[in-house]
Amino acid sequence: MTKIAMANFKSAMPIFKSHAYLKELEKTLKPQHFDRVFVFPDFLGLLPNSFLHFTLGAQNAYPRDCGAFTGEITSKHLEELKIHTLLIGHSERRTLLKESPSFLKEKFDFFKDKNFKIVYCIGEDLTTREKGFRAVKEFLSEQLENIDLNYSNLIVAYEPIWAIGTKKSASLEDIYLTHGFLKQILNQKTPLLYGGSVNVQNAKEILGIDSVDGLLIGSASWELENFKTIISFL
């Protein structure tokens, strides 16, 4: 399976830097990168999607066409920008913004019906990891049980919560074992990415694991040169 690199800007990128980054990345890449390189700016960092060399996605959207949803953007807004790719289930939205499994399912089902490409994020906390691998498997299985795993536009990103933003990536053995388990659950055509303190130093090794189909990258992608280096490992 072709390897993938995704940049998640979170809420860290200044607006004009984000716009400049997208334009410069477009100049750097080639058409064959379109399905292999994804960028998720924050809402103000999005631009009308005329990019041909990478896929532009949104970090979040409310599961309605439009309406009285103060502070949200909806499918109509994204469609006006010609954006049809969306992150759902990131741990920061699950924990900080209290998005429940039932709401994540509602989001998934709504945007599945719109034929969006969905990057669905899962991952266990440190307490679960310390209970052992059996507990991890049960936790991750529960996170996946309410969504359609045969949806053809699904990508799953495994991000152990204890490794996000901590500069402590999971060990290669942990990634190998966990991805091996998840591959048994997922449709064989569904890409499975790893995220969690990915950086220029460890990206190549992680991509070398057969069951890792790509990377979802946070802070290491915020500098364009770093992201370009990681793309070169694909």
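Just so you know, glycine gets a Cβ as well, placed from its N, Cα and C.
Among Ser50, Ser141, Ser197, only Ser197 appears in Swiss-Prot as part of the substrate site alongside Asn8, Phe9, Lys10, Gly165. Just so you know, of the binding-site residues Asn8, Ser197, the Cβ with the fewest other Cβ atoms around it within 10 Å is the one at Ser197. Its Cβ placed at the centre, Phe9 (substrate binding site) has 21 other Cβ atoms within 10 Å. Listed in sequence order, the residues of the same chain lying 6 or more apart from Lys10 (substrate binding site) and placing their CB within less than 8 Å of its CB are Asp42, Gln59, Glu92, Gly218. When secondary structure is read from DSSP and collapsed to three states, Asn8 (substrate binding site) falls in the strand class. Checked against His90 (active site, electrophile) by C-alpha proximity, the recorded positions Asn8, Glu159, Gly165 yield Glu159 as the nearest. Listed in sequence order, the binding-site residues from Asn8, Phe9, Ser197 having a Cα within 10 Å of the Cα of Glu159 (active site, proton acceptor) are Ser197.
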